[in-house]
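Undergrad: The substrate binding site annotation in TrEMBL covers LYS45, ARG59, TYR71, TYR155. Residues or ranges marked as Mg(2+) 1 binding site by TrEMBL: ASP81, ASP86, ASP118. Residues or ranges marked as Mg(2+) 2 binding site by TrEMBL: ASP86.
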Amino acid sequence: MPINFNQPPVILIFAAHKNENKNMSAANRESFDVLIEIPKGSRNKYEYDFDIKKIRYDRMIFSSMMYPADYGFIPETLALDGDPLDVLVLVTEPTFPGCVMEVKPIGVFHMTDEKGPDEKIICVPVADPIASRLADLKEMNPHLIKEIEHFFQVYKDLEEKKVDVGGWGNIDEAREIIKACVKRFEDMPNKPEGLFSIH
């Protein structure tokens with residue numbers, strides 16, 4: 001059949017499959033999705049606005065320091081500070097605010113800020129052939145460990161906010177924290193539909 005170029009074009013729209021329950025079992029999975037808010041090397045602090053489902057610019061860090069890794073959270077979890085559980089993702093190259101990434105945990109960094117305990121789960125991207133080889137904190141570059149500690153010790157100094165660094169925990173401790181945060185989220189009474197969800 002000859003093609004009639006006078007006909008209006010046909011637009012095909014494809015929707016990617018969404019796994020709504022992927023992170024609800026994050027504690028029992030080898031890997032899970034996180035949402036990146038702040039890319040490695042940035043001084044800008046971005047936060048995901050759950051009401052409008054968009055990334056919001058929060059502020060620039062008051063000091064001259066830059067984030068030592070991609071920074072984000074595990075959706076549908078609830079940490080002790082009332083927010084989703086934070087993650088630091090050890091990427092070879094920075095991604096961008098709003099990037100959804102499949103990661104696996106390798107440990108946890110303990111700290112406390114003005115809101116209370118504020119653990120950061122240390123993860124590596126599954127699809128990064130360099131970083132994904134890391135399976136344990138012991139395999140991290142020792143200098144990067146010092147950079148992360150130093151960053152969180154001082155990045156709020158010019159805001160006159162106190163941060164206490166509490167050291168590191170292994171992958172088993174990280175998984176226990178993830179499990180507790182998933183359960184805390186599931187047990188929330190009267191939580192609004194879509195709370196801490198990126199879908």
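A Cβ is built for glycine as well, from the same backbone N, Cα and C atoms used for every other residue.
Whatever TrEMBL says is automated annotation, not expert-curated.
Thinking about packing and proximity, how do these listed features fit into the structure?
TA: A 10 Å cutoff on Cβ-Cβ distances gives ARG59 (substrate binding site) a total of 11 other Cβ atoms nearby, all chains included. In the three-state DSSP reading, ARG59 (substrate binding site) counts as strand.
In the three-state DSSP scheme, ASP118 (Mg(2+) 1 binding site) falls into the coil class.
Within 10 Å of the C-beta of ASP86 (Mg(2+) 1 binding site) there are 22 other C-beta atoms, taking all protein chains into account.
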Undergrad: If I take the Cα of LYS45 (substrate binding site) as reference, which of the binding-site residues ASP81, ASP86, ASP118 has the closest Cα?
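TA: Ranked by Cα distance from LYS45 (substrate binding site), first place goes to ASP86.
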Undergrad: Assuming the binding residues for substrate are exactly those in the record, LYS45, ARG59, TYR71, TYR155, what is the maximum CA-CA distance in angstrom, rounded?
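TA: So the maximum pairwise Cα distance among the substrate binders is 15 Å.
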Undergrad: TYR155 (substrate binding site) to ASP118 (Mg(2+) 1 binding site): how many Å between their Cα atoms?
TA: 14
Undergrad: Compared by Cα position, which of the binding-site residues ASP81, ASP86, ASP118 is the closest one to TYR71 (substrate binding site)?
TA: ASP86
Undergrad: Other residues with Cβ within 8 Å of the Cβ centroid of ASP81, ASP86, ASP118 at the Mg(2+) 1 site?
TA: ALA79, LEU80, ASP83, LEU85, MET111, ASP113, LYS115, GLY116, PRO117, GLU119, LYS120
